[in-house]
Amino acid sequence: MYLTREEERILAGEEGEARAKALEVIVKVGEAVGAERLIPIKHAHVSGASYMTIGDAGLRFLARLAESGARFSVPTTVNPVSYDVEEPGAIPMTRLSPRIVKAQSEILKALEAMGADLILTCTPYYTEVPRRVGLREGDSVAWGESSAVAYANSVLGIHTNREGGPLALMAGIAGRTYFYGAHDPEWRKPRVAYRLETPKVLDETEAGVLGEVIATQHRDEHPPLLDAPLGGEAALKEFSAAVGSAGSLAMVHITGVTPGDPGDMIEEVVTMDYGDLARRMEDLAPGFEPDILYVGCPHASIEELRRLYRALSKAGERAGRRTVVSISRSLYLQALREGLVEKLKGLGVRFVRDSCLIVSPFSSGARGVRVATNSYKAYFYLSKKGVEVGLAPIEALPKLVS
């Protein structure tokens, strides 16, 4: 692999052993996939920060890194953790042991020592981070959160491979990643197109199910091209989360949304019918009265909070008291300033910052609990943990509670 003089200096340990080791990892992975050079990144986002996800082994790894003097060389942010840092008991039906609290606290301490910005969200694109870092279309980053990776490539035109948590961590320390995959303009040109014949604009749950279909069908190494009407930011967010959870796609070129020229390399066109999508929606619809109405996977946007308030205002108190919203601390503060938090709490809604039902102890101890959500990703992961999950858009959720 070709290295610049600066990269050779880093690898030789002139900027510390920790940064040299991090760059060595990036180089070895790059060589394994055939990358010919490295590129600088402007930002890293580390996934796998929850103790429920990485356990004691992950804690020891991060603690050793911090003790070795490892420091992030580019702005680096962090995914959600096991609980709301300021209100640990915020997640309902969840037993949070002192051991989990202590271990999670040590993980955060190690990441903070390395210079991480503890925004603790899976939606860094909703925070002030892109503006603060100066991220623009075409910039390269190293993100580890699958839903954010798909959103960055497909909606924002920011370039990132789907990095594992440790690799995003190493990229943040090294300040480099390998030139391959989503960083290569040629790779970003689709060869297979999917066209959905539909009489309507898709809401976020339909978009999520469409994401499942695309992710499980697509086999080409290049990203697919999608021609389908996705209705607004929630639909784009849930679609991105679905293609990242049901499969391993890092990007879908969405007609009319994704920046940049998709090129003219299409070799195959797959036509899909809305009826097939509707039948899958029926399979996933709640056939029960839920114990929890859940919004915010990935973390909720301000627009979703507004929609939720309008929907709950028309429903009874019972629906509000069963509603849980997970959200980034950054957007929670914005919603607080707009009066949305007070309005929703007045209806009984519970907020969970810094965390979510998936990466908290809830997902391992909620067997038998019934959850209705607008998120395909929440359905995908919670149903694997023995939770009964049904899918419905925000406007339909309160109507499920009698």
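Including glycine, each Cβ sits where the backbone N, Cα and C put it.
It should be emphasised that the depicted structure is a prediction, and the values quoted were computed from it without experimental measurement.
For Gly48, Ala49, Ser50, Asn79, Pro80, Glu145, Ser146, Lys377, the entry in Swiss-Prot reads (R)-5-phosphomevalonate binding site. Of all the Cβ atoms in the protein chains shown, 27 others lie within 10 Å of the Cβ of Ser50 ((R)-5-phosphomevalonate binding site).
Here the Cβ of Cys297 ([4Fe-4S] cluster binding site) has 29 other Cβ atoms within 10 Å, regardless of which shown protein chain they belong to. Annotation comment: Swiss-Prot describes Cys122, Cys297, Cys356 as [4Fe-4S] cluster binding site, evidence class a curator's inference.
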Any idea what DSSP makes of Ser146 ((R)-5-phosphomevalonate binding site), helix, strand or coil? helix
Would you mind sorting out which of Cys122, Cys297, Cys356 (the binding-site residues) have a C-alpha within 10 A of the one on Glu145 ((R)-5-phosphomevalonate binding site)? Cys122
Taking the centroid of the Cβ atoms of Cys122, Cys297, Cys356 ([4Fe-4S] cluster site), which other same-chain residues have Cβ within 8 Å of it? Pro80, Ser147, Gly296, Pro298, His299, Ser326, Leu357, Ile358, Val359, Ser375, Lys377, Ala378
Have a look at the binding-site residues (Gly48, Pro80) and report the one with the fewest Cβ neighbours inside 10 Å. Gly48
Given Cys297 ([4Fe-4S] cluster binding site) and Lys377 ((R)-5-phosphomevalonate binding site), what distance in Å do their CA atoms have, once rounded to a whole number? 7
Sequence gap of 6 or more, Cβ distance under 8 Å: name the residues on the same chain that satisfy this around Asn79 ((R)-5-phosphomevalonate binding site), in order along the sequence. His45, Val46, Ser47, Gly48, Ala49, Ser50, Leu120, Thr121, Cys122, Gly144, Glu145, Gly165, Val359
Return the count of C-beta atoms lying within 10 angstroms of the C-beta of Cys356 ([4Fe-4S] cluster binding site), excluding that atom itself. 33
